[in-house]
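K.L.:
The following feature annotations were taken from TrEMBL:
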type	residues	note
TRANSMEM	12-31	transmembrane segment
TRANSMEM	43-62	transmembrane segment
TRANSMEM	94-117	transmembrane segment
TRANSMEM	151-168	transmembrane segment
TRANSMEM	180-201	transmembrane segment
TRANSMEM	221-245	transmembrane segment
TRANSMEM	257-279	transmembrane segment
TRANSMEM	309-334	transmembrane segment
TRANSMEM	346-364	transmembrane segment
TRANSMEM	386-404	transmembrane segment
TRANSMEM	425-444	transmembrane segment
Amino acid sequence: MQRDTLQGVWVSRWTFVAAASGLAIGLGNFWRFPHEVGHHGGLLYILAYLAFLLILATPVMLAEVVMGSRGRANPETAIQFLNLESGSRPEWRLVPVLAMVTGLLILVHMSVIAGWVSSYAYYLGDHKLGAISIEFAAEYFGDYVQSKEEMLKGFTGFILILLPLAMMRMTLATGQILRLLVPIILIALLCMAYAASQMGNFPAGLSWMLAVRPEDFGPDAIVSALGQAFYSLGIGVGAMMIYGAYFPDGRSISRQVGAVAIIDTVVALVAGISIYALVLDYNIEPGNSVPLLFISLPYVFGNLPFGDLLGGAFFILVGLVMLCSALALLEPALAWAVEKTPLPRWAAALGLVFAVWLAGVWLIDDVAAPGAATRLFFLNRLTSELLLPLSALGLALYAGWVLRDVQARDELYYCKPRTFWIWRILLRYIAPPAIVAVLILANFPQL
């Protein structure tokens with residue numbers, strides 16, 4: 001008999017894979033992962049990242065999905081149900097609460113960046129950045145982030161796209177949209193890779209990502225690869241728990257989680273090679289995050305044949321990726337509001353999205369003011385370096401030491417006994433110390 005939730009279940013396993021991949025792909029695959037690979041040993045970094053992804057991040061992600069599937073509710077209620085089954089302390093419900101709050105805070109500053117992406121999709125498509133110099137690209141971005149009105153236009157536009165999708169039930173209309181969006185994103189990424197191979201320096205991009213540079217691979221590279229593995233799969237924000245709650249019975253959870261990890265890795269590699277094939281062809285030092293996305297790439301697209309079309313399409317692609325992530329970050333808190341209050345989904349979505357918009361306006365006020373964007377950078381560091389590792393640590397500890405074997409086994413009935421026990425050992429003895437290492441070294445890099 002199919003177990004249901006108040007929000008229903010996914011209509012197919014591909015819907016789960018698409019929704020979870022939409023979160024996992026994320027902005028980091030476009031502006032952080034390629035930079036880390038290039039500056040920390042190339043192929044050696046990728047191998048370390050894949051190892052951490054396999055033995056640490058994927059097991060924790062699987063644990064989140066299993067707990068959600070067992071609890072069949074929003075993250076807090078799911079943990080409360082698991083507590084009743086296992087007889088554990090009720091204080092454990094604070095861990096998913098932290099995860100949901102962390103997800104909302106990440107959504108706030110990510111939506112501000114998504115507004116920038118929306119604006120640049122329009123600017124490139126409207127021929128405003130054609131045949132420019134790198135100095136002009138930097139000056140243009142500087143003027144943009146000092147214009148509150150321009151940032152508000154892009155940010156509000158993104159929010160207005162997010163709102164109606166959030167109002168619809170995730171397992172029905174929105175899930176079907178994600179089933180279409182994610183393949184479109186993957187096809188667009190392949191088209192971008194082809195364009196980069198024809199118009200960029202593809203061998204340089206391959207060398208940047210895949211060459212072995214042992215002189216650049218040190219302890220800091222290992223720490224970076226460890227953190228990237230955890231951050232890349234959307235662990236610690238409650239999204240995988242709520243997506244697990246919607247998981248249909250009679251399907252292999254472990255196989256679908258593995259598919260998400262593979263898609264995320266392939267996207268990161270293809271995006272990195274393609275982006276740097278374009279950037280290196282113009283002899284630009286590959287930067288990280290904001291300078292790469294909003295200065296280097298607009299300069300490159302502005303000087304390519306049909307660059308306005310390609311650039312606009314690229315930023316639309318990034319915007320779609322961020323939209324998928326935004327829906328995932330919002331869903332745990334939205335499901336909590338629907339299940340814990342008398343509000344209908346549309347009203348809960350309206351309230352939460354409006355709160356995100358207000359918080360985003362507060363951040364934009366600071367970004368546009370003279371001086372550093374302290375609120376935006378502080379919120380980014382607070383979530384990525386403190387709240388996210390703490391939340392992931394709490395969920396890993398709960399899954400490894402509180403969740404009973406029989407509870408997990410009931411959800412992983414397709415998993416072989418040996419694989420199941422390896423997973424349990426990784427959750428108990430390997431993942432928590434690794435997350436503690438990320439937490440400490442992110443906040444005390446001098447150690």
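Backbone N, Cα and C atoms are what each Cβ position is placed from, and that goes for glycine too.
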K.L.:
Out of 221-245, 257-279, 346-364, which stretch has the largest tally of CB pairs under 8 angstroms to the transmembrane segment (425-444)?
P.N.:
221-245
K.L.:
With a Cβ cut-off under 8 Å, give me the same-chain residues at least six positions beyond the ends of the transmembrane segment (151-168) that come close to it.
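P.N.:
Residues 111-112, 114-119, 122, 144-145, 174, 177, 319, 322-323, 326-327, 330, 334, 345-346, 349-350, 352-353, 356-357, 360-361, 364, 367-368.
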K.L.:
Let me spell it out: take the transmembrane segment (180-201), skip the flanking residues so only those 6+ beyond its ends count, and list any with a Cβ under 8 Å from a Cβ in it.
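P.N.:
Distal contacts: 18-19, 21-22, 25, 263, 267, 270-271, 273-275, 277-281, 304-305, 310, 313-314, 317, 320-321, 323-324.
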K.L.:
Tally Cβ pairs under 8 Å between the transmembrane segment (309-334) and each listed stretch (12-31, 43-62, 94-117, 257-279, 346-364), then give the stretch with the top tally.
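P.N.:
Most contacts with the transmembrane segment (309-334): 94-117.
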K.L.:
Compare 43-62, 94-117, 221-245, 257-279, 386-404 by their Cβ pairs under 8 Å to the transmembrane segment (12-31) and return the stretch that comes out on top.
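P.N.:
Most Cβ pairs under 8 Å with the transmembrane segment (12-31) come from 257-279.
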K.L.:
When each of 43-62, 94-117, 221-245, 346-364 is checked against the transmembrane segment (386-404) for Cβ pairs under 8 Å, which one has the most?
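P.N.:
Checked against 43-62, 94-117, 221-245, 346-364; highest Cβ contact count belongs to 94-117.
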K.L.:
Which stretch from 43-62, 94-117, 221-245, 346-364 shares the most C-beta pairs under 8 Å with the transmembrane segment (257-279)?
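P.N.:
Ranking 43-62, 94-117, 221-245, 346-364 by Cβ pairs under 8 Å to the transmembrane segment (257-279) puts 43-62 first.
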